[in-house]
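K.L.:
TrEMBL lists 1-21 with the feature region 'Disordered'. The signal peptide feature in TrEMBL is assigned to 1-37. The transmembrane segment annotation in TrEMBL covers 294-319, 463-483, 517-535, 563-584, 621-640, 646-668, 703-722, 728-749, 761-781.
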Amino acid sequence: MVLRSCWKSRHKPRRGDPRPGGPAVLLLLSCVLMVQGGSSPGAEGATKTVVQKDAEFDVTYNDTVTNDNQTIYAFNHTVSRNRTEGVRVSVDVLTVGLDNSPFLFVVRQKQAVLSFQVPLILRGLYQRKYPYSHVGRTLCQPPGSSEVQYFFVDVSTLSSLGAHYQLRVSRVDSFTLQTDKNFSFTASPSQPQYFKYNFPDGVDTVIVKVNSEMTFPCSVMSIQDIQCPVYDLDNNRKDFPSNSFYVVVVVKTEDEACGGPLRFYPLRPDELMDAGNRSKVLDVVVSPAISSEVYVMGMLFCLGIFLSFYLLTFLMACVENRRWTKKRELLVNPPDMSPAETGKTPASPYEYGSFADNGSTLSSEAVTDSATSTDNYGYMGLEPFKRRPILNQLHQIAIRIDHSLDSAGRSRQESLSSVEEDDYDTLADIDSDKNIVRTKKFLYVSDLSRKDKRVLSKKYQIYFWNIATIGVFYALPVVQLVITYQTVVNVTGNQDICYYNFLCAHPLGALSAFNNILSNLGYVLLGLLFLLIVLKRDIVHNRAMFRNELNALECGIPKHFGLFYAMGTALMMEGLLSACYHVCPNYTNFQFDTSFMYMIAGLCVLKLYQKRHPDINASAYTAYACLAGVIFFSVLGVVFGKGNMVFWILFSVIHILATLLLSIQLYYMGRWRLDAGILRRIVNVLYTDCIRQCSGPMYVDRMVLLVMGNIINWSLAAYGLIERPNDFASYLLAIAICNLLLYFAFYIIMKLRSGERIQCLALVCILFTAVVWGFALFFFFQGLSTWQKTPAESREHNRACIVLSFYDDHDIWHFLSSIAMFGSFL
């Protein structure tokens, strides 16, 4: 009844009014407001006075509004069909009533309605309230049309005291962004900005960059489709059917999201806090993305680098094969001997290892008693670094072996007639008796392989099959998880989930950073190449063993390739898991990138140890159980390691205890027991060697290595306990790498101390690998992104591409580190 009487008394349409339905809609709105006002206490029967004004753009209107009146501003906004013109509404409240009632501003367009109150109350963390008296909004623009269009701004309040305000509606001429043209603007929490961009012909992908010289206040950028109203959605559309989009920039009320300081918690939840000046100047530029030709060039560049290693390996194999063929022909038909005089074909010049004695000439050497060496290293009287002396006189490469066919299968004792059985010891079963005492003249490295070679070969092949199985079961859930992460990013549009280098992240299909994934191909290809090299050596060795060749049977240590196969497989798995990590790099995914790095470091240490202790190496099950423990602690560090003092104390204690136990194991070569009497035996040793008589260590070199290892590991444990780094996975990896480098250096130093020299090819490999590692680490420490900080702070580290406009510094790290790891394996 009230609404009907109001309509009858006030509806007086004006003929010829160009605004379709304008007065009727306005009066209807005023009647509704009157009904609301009449229902409030103390306002029964009150009516609202509606004042309608024809307003103009770029004119500031100063006015007053109370609960008794309402002001409507009508604007004529007509643009041509092919032109987009932004419209911005700015409101400033000069005085606020004593009852703190807000103003309500409603902007009604043909296809959208925008409403906001002034003062505008925005909430921060812990529901802190920040009032803003100056508010600015950009109106959503309907599709281009040349018809006459009006929009209306209604101003009303429920305050009986009223207040003064300023209203200004202006055109935004620079509303549409131009390609490769920089545009500066200012935004604040109460005055967000957005601009439109139209795709030019022939361009379907662009890069949007928003820069600011101001770190704070914190701001958020979003890309939205052309639709009204403009707001932040939970989903992001990668394809824009209207061939255009909005670039929306909003300044946040607080700076915690950008790594800023956390403000105090308000004592009263309803207290209004002064936000201060939070205006921010920003620049926005939209530029085309790379073309498909750049993608092709980037792929070919990656494949070309690593396939060149295959070509180089093939050429070196051909040259080496040709060289050995010539030497074999020289051995079979020497210049001063006829084929009939040579007898049977001698053993082929089959050679292994990277160390040799005085070049390629095999000559008799003076045999030194190992008891005179500074460190027996393995067993009493055993000098494992001395090459087994060849007592037969071998003149240069031209040698004659007068063995008959039936003597090909003789034991190594019978193969060297100059060596009597009493001149050396044999180790029938090293596991049953570890306390070996030297009583005879010679004890050779090859004596360590008195066990059945087939049993030892199967023992080390377990490493390969175990790591292959582990890799399959570990990688499949990882692949599924990162695909889920990528799907979430694509569906929600939240670019803060993954820490990309956004200035050089080139998408392909559903992948957001295809270049970071492609650059991991080197680990896979070079790991496969290493497996092929090992396979070739394995086949050649088996053939030599089948022919009972002297070099294969008598020279060097036993050849076991299982750990080499495991190392190559681990390198391939590292490439796969690193690619999975770069699908969506973040804190929780980083453990996937480092898991097989632990594996590689552990396998390399085991291989170095096996090179001189082929029969007392750890079993595959024990080794992988220890590596599983390392990965377990890595997961615990990711979950509980951030600033948790209890975790770091526990980890440091376990780290130190593990270092001590491993040191004892290595020093005594396993000849000790961990039981209830361990403390009593330690006291006895300390009393005997330190108090009763001051005697030095029996194995000096080994003691030096273990002392240095304990110093390094204890220092790392102290650093972790004091600093408690957020990146626990990298900290754990640093421990593994430091121990690997220390043992590798000890391995080479002991060889040099034992009179062996490094062959030219091995020396070139070591120097080349060291140089590549240096360049690789330089690019690694560039730090293009970091999940140790907030996503906004991480973007501050982003850099543009440096190679072919496709690869960034971290991609170069992938290239160089894969080459360096391949060289390290060689």
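Backbone N, Cα and C define each Cβ position, glycine as well.
Keep in mind it's a predicted model, so treat the numbers as computed, not measured.
How buried are the listed features, and what sits near them?
P.N.:
Counting residues 6+ beyond its ends, the transmembrane segment (463-483) has Cβ neighbours under 8 Å at 562-563, 565-566, 569-570, 573, 576-577, 580-581, 583-584, 589, 592, 595-596, 599, 603, 606, 620-621, 623-624 in the same chain.
Counting same-chain residues at least six beyond the ends of the transmembrane segment (563-584), those with a Cβ under 8 angstroms from any Cβ of the stretch are 460-461, 463-464, 466-468, 471, 474-475, 478-479, 482-483, 485-486, 489, 497-498, 511-513, 516-517, 520-524, 526-528, 530-531, 534, 590, 592-593, 595-597, 599-600, 603-604, 606-607, 610, 814, 818, 821-822, 825.
If you look at the transmembrane segment (621-640), the same-chain residues 6 or more away from its ends with a CB under 8 A from one of its CBs are 462-463, 466-467, 470, 587-588, 590-591, 594-595, 598-599, 602-603, 606, 647, 651, 654, 728-729, 731-732, 736.
Same-chain residues lying 6 or more positions outside the transmembrane segment (646-668) and placing a CB less than 8 Å from one of its CB atoms are 633, 636-637, 640, 674, 699, 702-703, 706, 709-710, 713-714, 716-718, 720-721, 724, 735.
With a cut-off of 8 Å between Cβ atoms, the residues of this chain six or more beyond the transmembrane segment (703-722) that come close are 648-649, 651-652, 655-656, 659-660, 663, 666-667, 697, 731, 734-735, 738-739, 742-743, 746.
For the transmembrane segment (761-781), the list of distant contacts is 354-355, 809-810, 812-813, 816-817, 819-820, 823-824, 826: same-chain residues at least six beyond its ends, Cβ to Cβ under 8 Å.
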K.L.:
Determine which residues of the chain contact the transmembrane segment (517-535) at the Cβ level, with the cut-off under 8 Å and only residues 6 or more beyond its ends counted.
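P.N.:
Tertiary neighbours of the transmembrane segment (517-535) are 298-299, 302-303, 305-307, 309-310, 313, 511, 561, 564-565, 567-576, 578-579, 582-583, 807, 810-812, 814-815, 818-819, 821-822, 825-826.
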